[in-house]
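According to TrEMBL, the protein carries these features:
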TRANSMEM  32-56  transmembrane segment
TRANSMEM  68-85  transmembrane segment
TRANSMEM  97-118  transmembrane segment
TRANSMEM  138-160  transmembrane segment
Amino acid sequence: MTVNQDWSNTYNDDGLGYLIQKMLFPRGFAKFILVLLVLSAVGMNALNLYSCALSIQQFARPLANVPRTFWVLVVFGVVTAIAVAGRDHLLEYLENFLSLLGYWGTSYFAIVFLEHYWFRKGDYANYDLDGWNTPSRLPIGLAGLGAFLIGVVGWCLGMVETWFTGPLAKHIGESGGDIANELTLAFTILAYIPLRHLEYHYFKK
């Protein structure tokens, strides 16, 4: 788009769909391709809605008793409301969301990696596989929660988003440099190891 002003204007004025149509129109089948793109998005969103409903049910036992169809409809309503509210700033919101998702993934990876390779020695025999659905046989999870929250501090110190720039990120370059993933990884690792030792010392699991 940087070398074609007409394409750039179409994207800015009408959005991505019209840009694709404009790019493909001289070759034909533009609208047909757009229909296929829309249908593929519907299929992908169906999987996302269903997996989100499953995640909600696994969050707590009472939530699992609610029919999955209900949670799918709730998630659909929330997603639709967010989509309508942010339709004019889709790219901006998407970039912010993906950044936050990346920070979350970094914290989650660090906790799971340390639990498996540091505390379980990478051996599945050190897991109580039969107690996967029995809370009394599972770790309390306070170490994971504490390490995750400390990792969030790393997010806030190092993130660069359209709505917020962390105090450490401000010192990198003219417009700030995003170092949230690096800080999150370091903070989470440094927090989880001692917290998990304390958790095991007091709860023995």
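Heads up, the Cβ atoms here are built off N, Cα and C, so glycines get one too.
Long-range neighbours of the transmembrane segment (32-56) within the same chain, counting only residues 6 or more positions beyond its ends whose Cβ lies under 8 Å from a Cβ of the stretch, are 17, 20-21, 24, 63, 68, 71-72, 75-76, 79. Sequence-distant contacts of the transmembrane segment (68-85) (same chain, at least 6 residues past either end, Cβ-Cβ under 8 Å): 45, 49-50, 52-54, 56-57. Long-range Cβ contacts of the transmembrane segment (97-118) within its own chain (Cβ-Cβ under 8 Å, at least 6 residues beyond either end) map to 144, 147-148, 151-152, 154-155, 159, 161, 178, 180-181, 184-185, 188-189, 192-193, 196.
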